[in-house]
Amino acid sequence: MAASNQSEVNIGMVGHVDHGKTSLTRKLTGVWTDTHSEELKRGISIRLGYADCEIKKCETCDEPECYTVGKKCDSCGGKLQTLRKISFVDAPGHETLMATMLSGASLMDGAILVIAASEECPQPQTKEHLMALDALGVEKIIIVQNKIDLVSEEAAVENYNQIKEFTKGTVAENAPIIPVSAHHGANLDVLLKAIQDFIPTPERDETVSPKLYVARSFDVNKPGSEIKDLKGGVIGGSIIQGALKVGDELEIKPGIKVTEGNKTHWVPIITKIISLGVGSKKLKTAYPGGLIGVGTELDPNLTKSDALSGSLAGIPGTLPETLEKMEIEPQLLERVVGSQDELVIEPLKTNEVLMLNVGTSTTVGVTVSARPDRAEIKLKLPVCADKGDRVAISRKIGSRWRLIGYGIIL
């Protein structure tokens, strides 16, 4: 069970650019997840944003009015009982940032697919994001029909029918569709009830060896800090199994690239956990759920500017091997989604360059051999992954990487 300061479940906020993912996240959590200056300037999410909220229930009101994220009941002002804390992962909706969305999907226990009622459905990245959730095995999905305040009742019903038609035969075929206005905060109680009903906290085995997907890494020191005040590098990510404690030794793989003569190999990094935290709250032990900040003894130079994002961290000696080459069983989609002309997807070819997402890592690989049921791929950047893990596969089509399917590591 996650500590009380910690979220129990990670929910992805996905969908086409400008359909209101970040606005909805803000309404639910009070946090505007576009915090990087470039994001504020361009009005789009570039990196994964994270924000937590507590779902609460009024002890006297009926459903769904009893659900809120506020400090008191929205209907009667009465006392609230906290049901659980959840963490939202706000993924970029822009087509050029698909790799970031795919790396975020590996952290998601469920997802909210945001679709604007004011535009035709499906838009290109609505399709691509739904396929990505399917490819990476995210099955617990709620559809939010946002911006209903901008359309007439007839247009909202027509858009609802388009959503039903679009999701037919997909992983979201039976997903609830909740009409919402994130701008006005309308129907959020119904959405909170749906989150409680349709995205349960997964069963977690806390006795297994811990694994942490690293999604971000930072140097938290300000320029000009005194040497005595310097802090070690910080990594941020989600624990996917087991538990980490302050004082534990931590191994981070693939680690550092070392060149000796004309040979290059990767050396895992070993460090110690100095602190664990969620936002500004400190933890002694961290469990799966939410984004965890892990303070280490590492040289901050190793962690600055997300240098370790895409790594896997755990107790030394328990992590899978680092792969510079991988064999996968490909499962390709029939057509390319996300582009205007939905081309038929050809089988993988020998010497083809592919983009692969494994866990939170993004790498490029060249197929050494390719058959319909098996492909061997040499990776430009190695990844630390287990047999049986899913790999999202993207192919360069025109000037963009497009998701074409997934593979299982053999």
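From the backbone N, Cα and C atoms, a Cβ is placed for every residue, glycine too.
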Of 15-22, 119-126, 367-374, the range Swiss-Prot tags as region 'G1' is 15-22
Checking 146-149, 226-229, 350-353 against Swiss-Prot, the stretch recorded as region 'G4' is 146-149
Of the ranges 43-47, 193-197, 248-252, 388-392, the one Swiss-Prot annotates as region 'G2' is 43-47
As Swiss-Prot has it, region 'G3' corresponds, among 90-93, 202-205, 222-225, 262-265, to residues 90-93
Looking only at the binding-site residues Cys58, Cys61, Cys73, Cys76, Thr22 (GTP binding site) has its closest CA neighbour at Cys73
Not counting Cys58, Cys61, Cys73, Cys76, residues with a CB within 8 A of the CB centroid of the Zn(2+) site are Glu59, Thr60, Glu65, Cys66, Thr68, Asp74, Ser75, Gly77, Gly78, Leu80
Secondary structure of the region 'G1' (15-22) by DSSP, residue by residue, totals 2 helix, 1 strand, 5 coil
Counting other CB atoms within 10 Å of each candidate's CB, the least crowded of the binding-site residues Thr22, Asn146, Ser181 is Ser181
